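Features of the protein shown, as given by TrEMBL:
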DOMAIN    8-221  domain 'Tr-type G'
BINDING   17-24, 76-80, 130-133  GTP binding site
Ligand code: GDP
């Protein structure tokens, strides 16, 4: 075999879903049933992952067709944090995903979040509608395929299951995915299969495995092509201190081969790390007796496989970073450059003024940043780790009030940081559901904008349109006092009024039935004292006057606060603008 030979590698499968919907149990069940079916040793436990070989899957599922895949590799850590952290060349590391949804609980916030992530990363997935055994009245048949066990259920239980599935199918539809019960799906390219399962009893698990293998086989074979002798590429899953080995990295190798002695480049906190593989470690088959027996040393691993790598200089390595073997024909400089640019890509685009982002992993920082970008919220600073006082100080320096915020995803807030945030008027948003955090942030900004708008509306001159009534001239001048009918808007005291763009004078007072009032609105008939004009010369009965709205105010009203204006104010404003723009088309634009 030479290094250009190609083979199909094991597809990498992630399990996602809302907390408590059964992700961990499902992974355990798949491992458990695989072990039960396999001859001793046939299922391989890798570092951070489990491989179920194809013959074991075939024994569990009894499929009609033969599969070419070597098996399925399940990433042991379920959840979307792991999913977003694990990437390969800018995309998701997982080839396929299982979205676990509790049939009795339906879609929950993290389910929606997971769907959004899968959508964004274009990862094909199946839905495991879990806990069917908990539907009231369900009769369990351990490990049975769905059709078999479903046929044995009462009509009422069958109806309840169908209804629960329709709910899930509806929720998927609301999130932009066409879906159906897996055995009713004709084309998995356009429709998501929903497989009813129980992670507790094993029911439906054969169906789930079958759908997964089918999906991978039919739609992914191209991206599953690997060079079993090419230089290895992988993703750091975890960075761990190990006694006697120093800092090690757990790597999921998704392409090629990694051998002891290989020079590798690993993404680090600051710069790519260049080092040499000292040891490759797999979990020992033996029960753990002491540290020595925990691992087996191997000379080489071939994709896809999870392996612990011991090498010098790994202290700065990061979870989610690329791990690339420098092959015989590769230039070290080229590989380093590639790793560097991949790390830069993980980096977040920052702005002069924006919010501060903290999250638990490289991948989640990126996911939060992406979501903020979609919401058009600029980021000043984004990093991994707990929220410290330093982060609050950073947020405090933002110019815009709405950027004085820290978005903290799945991380702790140190006590002094929390105290200082209160003092510095920096708003903290904490949570473990990205889109919720963003909604909360947006609500906060909206609240501030409304408040600001109210203040502004209090301080701008509001438009009014009114007519000088016939036979209602009470005084000619100094001031002129006339009867006025307000046609639209609100007439206030102390505003300037104009006729056809010509300033007439200032409203000194407004009276209604002999009483002084501060303002008059549409439909009111009042007497108005205007200092400046003389009736008969500057002003006559029947004239239509407008309040003079300063150009800046008019612009703010039209462009920023339009939504807050009531109908009559808008009507007065529109009339005023129309008049102004007949003279100057760009007035207040
Ligand atoms: P995770 O948070 O998604 O990993 O959920 P877990 O796997 O920890 O499961 C949460 C709870 O649901 C545990 O108490 C499980 O025993 C239970 N559970 C998981 N799957 C099933 C199932 O298929 N049927 C029933 N009845 N309970 C389940």
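Every residue gets a Cβ built from N, Cα and C, even glycine.
On the structure: features taken from TrEMBL.
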residue : record           : contacts (Cβ under 8 Å, 6+ apart)
17      : GTP binding site : 23, 78, 79, 99, 100, 101, 110, 111, 114, 128
20      : GTP binding site : 102
77      : GTP binding site : 48, 237
80      : GTP binding site : 16, 110, 113, 114, 117
132     : GTP binding site : 103, 138, 161, 196, 197, 198, 203, 204
Neighbouring CB atoms within 10 angstroms of the CB of residue 23 (GTP binding site), all protein chains considered, total 23
According to DSSP, residue 17 (GTP binding site) sits in strand
Distance filter, Cβ under 6 Å of ligand 1; input binding-site residues 20, 23, 77, 80, 132; output 20, 23
DSSP says residue 132 (GTP binding site), in three-state terms, is helix
DSSP says residue 23 (GTP binding site), in three-state terms, is helix
